[in-house]
């Protein structure tokens, strides 16, 4: 009896377990049918190999729906029991279309902040800033150290998800990016080429000759070769004792490549090279400041943080690069001695006299601060030296920004998604014997290497860390990243909210905050003070009067018409003339067309870029100068130009107000308010026709006291 009873109980128990297994299988099938493919466990963290599971855990697998298992009673076999299928990972409800998995509206082209690592961490701590260093090239070592010091997260091989910051080694176009921040401006490489820089500075020299006398007089070859010969001969005829020296620099050259000195224009190497490789010839600075009887220059690092509004920072320290032969004024016998005349590091490192030193104040490469200390010990006014250098940097950037704006709107048109930009520039400055700073050139990609090559044996080299380079360059990169930190403002806003009364209750309702961050935790507490000093807009009041070409660029961009183009067509130029009411009985529209054709044809023949037809910005500036000189004949050029800009801006503001009224209706008070007409400068400057007289507050603009920039 017991045995039969136990067998029947066992069979009943097996049957009950089989029924339970069938029910579990049916439930699993229902869940699998509702969600055809199980949700992926984690979003792919990208090519950098971000871990998707905690250490020691097994990666969950995506399982296909399991077929329902029949019960033992249905099969007629109570002896063979099949186990229920393994349990699927717990599934999350599908997000509503247009919303992210957390119920937030989706941003077009952007992932959910939490799922992509853009929200707060699971433990309530702020997520680290992410940096894509896959295109960093020679600056990679210094960048890695900077990221490590900041405790940010580096992606050395890129990432599928967007990063906060992209670090490019060459240009803006190293990567195709549509969000975040990138350390290059579009067009910067083209703008600091020697010919383009010389033209930009020359435009400013025409307007403000005394303010821009820090750049040597330059001629562009081959276009201005005959002009160069004629002007040199004219000066020699007036002063037979004048024995100049000139330096020839290839337009696209770098690291001293192709540079040579001449005493006479006939010494220029014309044989085929200038046509394929244009160049700039400049007056050579024959009386530089010497230290230890050696010529040297200064590499200063300048951060262009923003283009509009303009923000400029200068590093408090830089590098001083020395020649390796004692300096002598140039003569026909020593013109070829490059180690005496050229300060380029890439040239002098091959000299047998080059001295590598870990000390900041000795060797062939030293810190600029050590040079200032040495000058200060001799009684030199260091504040005056710094003030003059800051002035050179600001004025140079003001000369570059107009055309940079045109490049920027071409690559990142207004209203379209795109990254924001910043860039570290290398300014090469020479101090003359009287301590006046002279701008030699600007580098879009200054070397950020922190090691040098050491020759172990003939032809065998190894890379050795350079403590001087590391001291200066790591600080520049690290503090640039600190200034560009995209989460800094968010942290500050959160701290301010938590300091308010009852802020805790409001934060509890905020879905973005999983827990309150520690207000007292300063992520930069362990870092030294920032080595970058803001100089603009800090000193904007002293330099804004120079930004005339910048205002012309705004007019130029307004009438471009097609987004993404960089040249103004004939229709756009006519529209500019009509909108600003510049045509008159003495300047017909036919004359305007001829002006456009003549200037555009000449500038297109001088530039190598023939991708687009039309009027470039420099051609527009020349046409604008011509119109200003016709309209305001009794004023200096900079006042003529300022008056015409004021007139154009006045008429365009009226046009904008008229469009606003047509779109929204006239306010109940009657006529819409607008700026009054500009004040009349003098009867001779009265515009023709019914045009209101322009404002000419240039006297006030130019009467700025010359403060020391500390």
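Cβ from N, Cα, C; glycine included.
Swiss-Prot tags one of the stretches 619-664, 665-710 as region 'Disordered', and that stretch is 665-710. The candidate list 249, 305 contains one residue that Swiss-Prot assigns to the ATP site with 255, 256, 282, 283, 284, 285, 295, 296, 297, 343, 344, namely 249. In the predicted model, the domain 'TTL' (128-480) has a mean pLDDT of 92. In this structure, residue 428 (Mg(2+) 1 binding site) is part of a beta strand by DSSP. Residue 255 (protein binding site) sits 12 Å from residue 428 (Mg(2+) 1 binding site), taking the CA atoms of both as reference points.
Under the three-state DSSP scheme, residue 255 (protein binding site) falls in the coil class.
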